[in-house]
Amino acid sequence: MADKKIWHEKLYCHLGQHFLIDKLLYKNKTDYQEIMIFENSFFGKIMVIDDIVQTTEKDEFIYHEMLTHIPIFSHGSIKNVLIIGGGDGGILREVCRHKNIESITMVEIDRNVVELCKKFFPRHNNNSYKDSRLKLIIDDGLNFIKKTEEKFDLIISDSTDPIKYGKNLFSSEFYFHCKNSLDKNGIFVAQNGVFFLQKNESILAFKKLKKYFHDTRFYHATIPTYYGGIMMFAWGSNNIELRKNSLKNLQSRIKYTKLDFNYYNAKIHISSFYLPQYILNELDEN
Ligand code: SAM
């Protein structure tokens, strides 16, 4: 152990997680961020951006399944999807599994993330960059959403934390334009951090979203390397019925697709919208 390097995450000043670096695979600065990729004997390959864990081979399925299938099975007939960020390809892979989806636009600011993850994390995208429905755009998600005339049924914001360029994807301006780029029954979802440790970020995002979406909620999942408690996924829509599917309805929608999952299922879907009281209190929600 003594001769192995240890990497310490720098997301919080008062506590942190660390990983043994069994093998350093890549470390470099791009025009946007510093990217590091290394092997860890338990989590497999890990990608870190600006010293914050982005994704690991071992637990990525939880995050990518929950950020993708909750809105898709809630809606029931998603045709046009917009992914903002998501350069590791995990969200794209999960979206592409739904054959009824007709078009997928993905807007990632840093082409290097896409190319590096194609090389080091091939199972993340699982060849979905070759999917004929995909339009990959290299741009700041905020620039794109301000300019686009297109309408989407689903917008998934899979960004880094609200730091540097990631900040744009947690701004009121971004949420305003996402709401205007959604169909009337459209859904917006986004990663929103671990509430116990990133409370202020989550509350701020929630308050901003409520200005544009009548039905603003968080749903949650527990992701080992986004440590510190349950992780919040922001949900925004202007049709509350989309979040009220019965267990039976969800089960039949899932059965119809013949898809199988490792984390997501109909009961997890419903239960993920039930939040602990301390979070409801902080959000002034019942
Ligand atoms: N699952 C991770 C998480 O929850 O932290 C996110 C993974 S993905 C690697 C995050 C992506 O967001 C990165 O590829 C980064 O380049 C991209 N990104 C950050 N800010 C962006 C922006 N303003 N527009 C588009 N993509 C952005």
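Quick reminder: no glycine exception, Cβ is built from N, Cα and C everywhere.
Taken verbatim from TrEMBL:
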DOMAIN    5-238  domain 'PABS'
BINDING   GLN33, GLU108, ASP140, GLY141  S-methyl-5'-thioadenosine binding site
BINDING   HIS64, ASP88, ASP158, SER159, THR160, ASP161  spermidine binding site
ACT_SITE  ASP158  active site, proton acceptor
Largest separation between Cα atoms (Å) of residues that the record links to spermidine, namely HIS64, ASP88, ASP158, SER159, THR160, ASP161:
16
If one looks at the chain holding GLN33 (S-methyl-5'-thioadenosine binding site), which residues at least 6 apart in sequence have a CB under 8 angstroms from its CB?
ILE49, ASP50, ASP110, THR160, LYS164, TYR165
Going by DSSP, give the three-state secondary structure for ASP158 (spermidine binding site).
strand
Which state, by DSSP, holds GLU108 (S-methyl-5'-thioadenosine binding site): helix, strand or coil?
strand
Can you grab the distance from ASP140 (S-methyl-5'-thioadenosine binding site) over to ASP88 (spermidine binding site)? Cα atoms, rounded to a whole Å.
16
Summarise the model's confidence over the domain 'PABS' (5-238) as a mean pLDDT value.
97
Cβ neighbours of GLY141 (S-methyl-5'-thioadenosine binding site) where a neighbour is any other Cβ within 10 Å:
28
Could you tell me the maximum Cα-Cα distance in Å between the residues recorded as binding S-methyl-5'-thioadenosine, namely GLN33, GLU108, ASP140, GLY141, rounded to a whole number?
16
Distance from GLU108 (S-methyl-5'-thioadenosine binding site) back to ASP88 (spermidine binding site), taken between C-alpha atoms, in Å:
10
Of these binding-site residues, ASP88, ASP140, ASP158, which scores lowest on Cβ atoms within 10 Å?
ASP140
Quick check on the binding-site residues GLU108, ASP161: which one has the highest count of other Cβ atoms within 10 Å of its Cβ?
GLU108
